[in-house]
Amino acid sequence: MARVYNFSAGPAVLPVEVLEEAAAEMLDYRGCGMSVMEMSHRSKTFQTILDEAEADIRDLIGIPDNYKVLFLQGGASQQFAMIPMNLMKNHVADYIVTGQWAKKAWQEASKYGTANKIASSEDQTFSYIPDCSDLPISENADYVYICENNTIYGTKFKTLPNTKGKPLVADVSSCFLSEPVDITKYALMYGGVQKNIGPAGVVIVIIREDLITDDVFPGTPTMLKYKTHADAGSLYNTPPAYGIYICGKVFKWLKRQGGLEAIQKINQEKAAILYDFLDESTLFKGTVRRQDRSLMNVPFVTGSDELDAKFVKEAKEHGLENLKGHRSVGGMRASIYNAMPIEGVRCLVEFMKKFEMENGSHV
Ligand SMILES: *Cc1c(COP(=O)(O)O)cnc(C)c1O
């Protein structure tokens, strides 16, 4: 078996321990004589898996009782519609556009009401987070929306925007469970799990109970109402059962690492290795304003498309995979999620040093 260091932005690396456990339980889950993907989602066995997953994520984040945790499908992208359909009671919402995902969410929301773009960093290719301390928040805004960690551009909100009392909605797909969060500052937090938690096919929505109502956009499908899923404990219909099972294992793995504070320390250490090198490199350059740098997604360039391509190719030959930047921005991007071991980052930096020596400084 040869595992590579996988720097993919998503679907992304998972902890080896989790994959090994899943492999060991594949044919016979704890004496059931069947795998988790073959069992009824109404069975007691699966209910226990679901209950434990919910209890563990509640524990990790510290989610109070007045928030629901929903395990849904449709990816993060489906939330771009579900959020306005459920939350836009006044048909007004304010969006902070810090990248493609926030932009898509903003565009989708405009189908259901007035979606105001109150700040943007598009003027500098989304390479920074705008000052959000005193934005023109709409008086009748139903919520203020952010994408907290911008997977493609490698920026992260280090302070949450001042929403002037309006509910905050955040897409945390690529920073989910990477550091401690105060969930009470959010009305709704959601993320596709395929970045930092589990396999594609599950999206987790953490939503304050008072926002779950029947007062939704006219014609909203049953499946797109938060209330449908909240009332049914995420079992209105067949949930993404196997994906939830793997997420549950990742939650337990995170607890064994020491929880979110411990994983944050490790993530900071990993990111520092890479950023410190980028800051002193004569060939590679980070593309993000220093104070807005993400701990999870690290984009960098050489300044030459040719050298970038050569780097990605040679890195792959060294077992360092998926370092190509997003198709919309080019260059390189190393996604160093929770499950990326620190040795993987060290190995990447060693390879970058070698590449720099061989290819000289390039301006
Ligand atoms: C990947 C990503 C999405 C899109 O996720 P899908 O599950 O493919 O819809 C949305 N937001 C962010 C921040 C992402 O990283």
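Each Cβ is built from the backbone N, Cα and C atoms, and glycine gets one as well.
Together with A76, S77, T151, D171, Q194, N237, T238, TrEMBL lists one candidate of W101, W253 for binding pyridoxal 5'-phosphate, that being W101.
Among the binding-site residues listed here, namely W101, T151, D171, T238, T151 has its C-alpha nearest to that of K195 (N6-(pyridoxal phosphate)lysine). Neighbour counts of Cβ atoms within 10 Å were compared across the binding-site residues T151, T238; the minimum falls on T238. Note: Q194 (pyridoxal 5'-phosphate binding site) has non-local neighbours G10, P11, A12, A200, G201, V202, i.e. same-chain residues 6+ apart with C-beta under 8 A of its own C-beta.
Checking the binding-site residues R42, N237, T238 against ligand 1 with a 6 Å cutoff on the Cβ atom leaves no residue at all.
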